[in-house]
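Peer 1: Taken from Swiss-Prot, the feature substrate binding site covers Arg22, His138, Thr359. Among the features that Swiss-Prot reports, pyridoxal 5'-phosphate binding site is placed at Gly113, Tyr114, Ser184, His212, Thr240, with the record citing sequence analysis. Under the heading N6-(pyridoxal phosphate)lysine, Swiss-Prot lists Lys243.
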Amino acid sequence: MNKLIAGLEQQLAQLDAQSLRRRRRTTESPCAPRVQVDGRAMLAFCSNDYLGLAAHPRIIDALQQGASLYGAGSGASHLISGHSRAHAELEERLAEFVAPQIADARALYFCTGYMANIAILSALSGSGADLFSESLNHASLIDGARLSRANVQVYPHGDLDKLAILLAASTADNKMVVTDSVFSMDGDLAALPQLLALCEQHGAWLVVDDAHGFGVLGEHGRGVLEHFALRSPNLVYMGTLGKAAGVAGAFVAAHKSVIEWMVQRARPYIYTTAAPPAVAHALLTSLEIIGGAEGAERRAHLQTLIAQWRSALQLQRWRALASDTAIQPVVIGANDVAMKIAAALYEQNIWVPAIRPPTVPAGTARLRVTLSAAHTAEQVTQLVGALQQLEQQD
């Protein structure tokens, strides 16, 4: 056998032995609580479709209309000929959406949140900059920090005292603090008011990845900035549009000069084909729903389900992490046990993924339960009952 292939197969076997190999399941229906998976009807608690908009009829109609207006693809990068009227209108609407939190805001649309985060960190920092990164940040922020060529220092999760010491010791002209808003595997919120105060005190950017807060948090769904009533020119905000917004892509919002600099220097924006204009067209409808009465109703229902879950779930040995967001992790511990529990739920036609290292620390393998406004109270009750029964049997 080829030596290179043999080496890979040996490493794959090691993943199997540690219960760490990831496997894909194939869905055959729209994203929803009731979904067809590999030919099987399942109740899903694993998507990030927090407001239940991924299969919303109005958004589907808008996507189809966008394809009729603009075709299937953009055909080029934004700086050549791929920047359509739909992209421009979406960026204008996104800037208006976050304007209460960021003065003189502009927005820039990206194909993915991963690309947006790498673009921010590579364009706004660089050699000679000091970049302070939260220890539980998303992989895209970690990779962006590595690619930035900045001096990267990681501070412990939620340790503002340590961060304050690091900022005070920095002599760099360009300083940047980078954090998730809602931590994707724990569900807790960063202390953003205190983080922003530190950044303003020390003249640092505060980069906020609000992947799991945009659309969900705040009275109008404007995310964590609205939730905490934050407003500052030091803010650089990233929101994803494939989670609560139900479609695809991401955006960066900041002071207009920040965005103009990114247009000139952000390689993940410059050197890639623009997303299909039809997607941007559909997102205009999504934003309308998020910011309107229907969005408010969906957020209220989601909060009711979160409260129901936290009140009803009673565990003896497993640990439900303290979270007031749609992400509700249940820490099991060992990889093989977490996999066994996920498989047992699957046999009951309940789909909850087991999350293992390196995504989470060793010994903290967990079930990552995500709730959606599309779920019902009865479905949450079903999952609670199944989990409690499995814990007693384990």
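Each Cβ is built from the backbone N, Cα and C atoms, and glycine gets one as well.
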Peer 1: Write out, in the order they occur in the sequence, the residues of the chain not among Gly113, Tyr114, Ser184, His212, Thr240 that have a C-beta within 8 Å of the mean position of the C-beta atoms of the recorded pyridoxal 5'-phosphate site.
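Peer 2: So the additional residues around the site are Asn48, His138, Ser140, Asp209, Ala211, Lys243, Ala250.
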Peer 1: Just the number: how many Å between the Cα atoms of His212 (pyridoxal 5'-phosphate binding site) and Lys243 (N6-(pyridoxal phosphate)lysine)?
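Peer 2: Their Cα atoms are separated by 7 Å.
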Peer 1: In Å, how long is the longest CA to CA span across Arg22, His138, Thr359, which the record gives as the substrate binders?
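Peer 2: Across Arg22, His138, Thr359, the widest Cα separation comes out at 18 Å.
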Peer 1: Measuring Cα to Cα, how many Å separate Arg22 (substrate binding site) from Tyr114 (pyridoxal 5'-phosphate binding site)?
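Peer 2: Here the two Cα atoms are 20 Å apart.
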Peer 1: Where Ser184 (pyridoxal 5'-phosphate binding site) and His138 (substrate binding site) are concerned, what is their Cα separation in Å, rounded?
Peer 2: 7
Peer 1: Does anything in the same chain, at least 6 positions from Gly113 (pyridoxal 5'-phosphate binding site), have a Cβ under 8 Å from its Cβ, and if so what?
Peer 2: Ser140, Asp209, Ala211, Met238, Thr240, Gly242, Ala250
Peer 1: Would you identify the secondary structure of Tyr114 (pyridoxal 5'-phosphate binding site) according to DSSP, in three states?
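Peer 2: For Tyr114 (pyridoxal 5'-phosphate binding site) - judged by DSSP and reduced to three states - the answer is helix.
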Peer 1: Fewest neighbouring Cβ atoms within 10 Å: which of the recorded positions Arg22, His138, His212, Lys243?
Peer 2: Arg22
Peer 1: Looking only at C-alpha atoms, tell me how far His138 (substrate binding site) is from Tyr114 (pyridoxal 5'-phosphate binding site), rounded to the nearest Å.
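Peer 2: Here the two Cα atoms lie 9 Å apart.
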Peer 1: Counting only other Cβ atoms and using a 10 Å cut-off, which of the binding-site residues Ser184, Thr240, Thr359 scores lowest?
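Peer 2: Among the binding-site residues Ser184, Thr240, Thr359, the sparsest Cβ neighbourhood within 10 Å belongs to Thr359.
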Peer 1: Would you kindly give the Cα-Cα distance separating Lys243 (N6-(pyridoxal phosphate)lysine) and Thr359 (substrate binding site), rounded to the nearest Å?
Peer 2: 19
